[in-house]
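**Q** Okay, so TrEMBL annotates it like this:
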DOMAIN    18-180  domain 'Histone acetyl transferase HAT1 N-terminal'
SITE      Trp192  site 'Interaction with histone H4 N-terminus'
ACT_SITE  Glu269  active site, proton donor/acceptor
DOMAIN    279-330  domain 'Histone acetyltransferase type B catalytic subunit C-terminal'
Amino acid sequence: KKSFSSGLTAMEKKLAEYKCNTNEAIQLKLVRFPEDLEDDNTTFNPEYSHQVFGDDEVAFGYKGLKILLYYIAGNLSTLFRIEYTSKVNEKFDCVEADDVESKIREIIPPGFCTNTDDFVSLLEKEVNFKPFGMLLHTYSVHNEEAGEDITYQIYKADMTCPGFREYHERLQTFLMWFIETASFIDVDDERWNYFLVFEKYNKDGATLFATVGYMTVYNYYVYPDKTRPRVSQMLILPPFQGEGHGAQLLETVHRYYMSSPTVLDITAEDPSENYVKLRDFVLVKLCQDLLCFSPGKLIQGFNQEMVMEAQQKLKINKQHTRRVYEILRLRATDMGDAEQSRSYRLDVKRRLIGPYKKKQRELAKMRRCLRPEELTNQLNQIDLNMQHEQLEESFQQLVSDYRRVLERLAQA
């Protein structure tokens with residue numbers, strides 16, 4: 001018996017050597033120049049690969065596994081190759097290696113290269129690539145490394161743009177690696193709008209365009225003659241993150257819809273924490289000059305005028321307007337002054353307590369129709385002391401989030 005168990009662990013040890021973390025194995029690149037292929041500094045890795053490789057994000061059966069997914073910076077033509085130093089041998093180990101290739105093929109569209117020479121020859125044609133759709137906004141960002149200003153452009157595209165459908169298929173594969181709950185959208189539905197960010201760069205005296213990121217927005221119909229655009233997915237590719245492109249993109253999208261009389265307001269689908277922070281910053285930046293948000297009016301509290309003005313002028317919905325109000329009111333409040341800070345705290349907590357109040361109303365209803373022993377279970381869930389603690393905690397968290405937005409605003 002003993003020898004069997006030690007034999008098993010030797011086998012397990014051997015098999016464990018053939019497990020690779022797929023977030024490390026997958027190597028992504030956005031290639032502008034042939035030398036980028038050999039340069040490790042241009043490589044980046046996924047944050048997530050669970051949608052393709054399962055919850056533990058592991059590929060079994062290989063040592064030194066590398067899954068190369070290289071994209072040409074502009075039109076995203078793809079090179080896909082798998083490399084490894086060794087692979088389990090079925091005859092010898094009685095186990096089969098994962099079929100990594102077919103898993104990747106499921107999410108990347110057909111028509112990719114499998115060898116580097118083909119990819120490099122496609123790179124030479126990249127000079128012909130131009131952004132899709134209509135130019136909405138141009139801005140520049142000072143780049144420390146290059147020591148110069150780099151120009152970026154935001155375009156609005158749709159599926160009628162020649163070549164855009166195929167390009168979008170390649171672009172959306174990035175969602176799987178960087179958005180935890182990503183899914184591909186139904187591109188045949190004409191209610192989708194696509195907003196794309198490109199960088200202009202020079203190569204051998206020509207101007208080329210590199211893909212930076214994008215946003216998809218779905219236009220919901222609101223009776224009788226309005227629409228409510230809902231932000232679905234937004235991604236700035238990792239090499240460009242932290243440079244302010246997300247804020248430029250979101251503000252540009254807001255400005256695009258602001259000019260449309262049929263748009264009611266803009267919402268978002270299941271927003272991430274990072275997106276909420278970004279949205280707070282952009283909306284506060286847009287709203288801070290509205291008359292209804294002047295310091296004198298902020299101190300008097302949240303009102304219907306703010307809701308109306310933010311919606312009509314900037315297409316911001318009521319819930320988001322309330323957050324904007326709280327952030328701007330924090331800026332106008334001297335938190336060192338006991339009276340001012342108490343008034344602010346009460347104002348925000350009154351909103352935070354809303355969901356609790358709703359629960360208590362539901363309980364009162366239950367009291368009328370539940371047996372006593374069922375009721376105690378329900379009541380035990382809502383303890384007043386806990387409420388106060390939770391409220392205070394939520395309030396402190398909000399204030400620190402709000403302060404970060406105001407710091408960023410002060411630097412903008």
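Backbone N, Cα and C atoms are what each Cβ position is placed from, and that goes for glycine too.
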**Q** Over the domain 'Histone acetyltransferase type B catalytic subunit C-terminal' (279-330), what does the predicted model average in pLDDT?
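**A** On average, pLDDT over the domain 'Histone acetyltransferase type B catalytic subunit C-terminal' (279-330) sits at 96.
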**Q** Same chain only, sequence gap of 6 or more: which residues have a CB within under 8 Å of the CB of Trp192 (site 'Interaction with histone H4 N-terminus')?
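**A** Listed in sequence order, they are Asp158, Met159, Ile185, Asp186, Thr216, Val217, Tyr218, Asn219, Ser232.
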**Q** What same-chain residues, at least 6 away in sequence, bring their CB to under 8 Å of the CB of Glu269 (active site, proton donor/acceptor)?
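**A** In sequence order, Tyr218, Arg230, Val231, Ser232 meet the Cβ cut-off.
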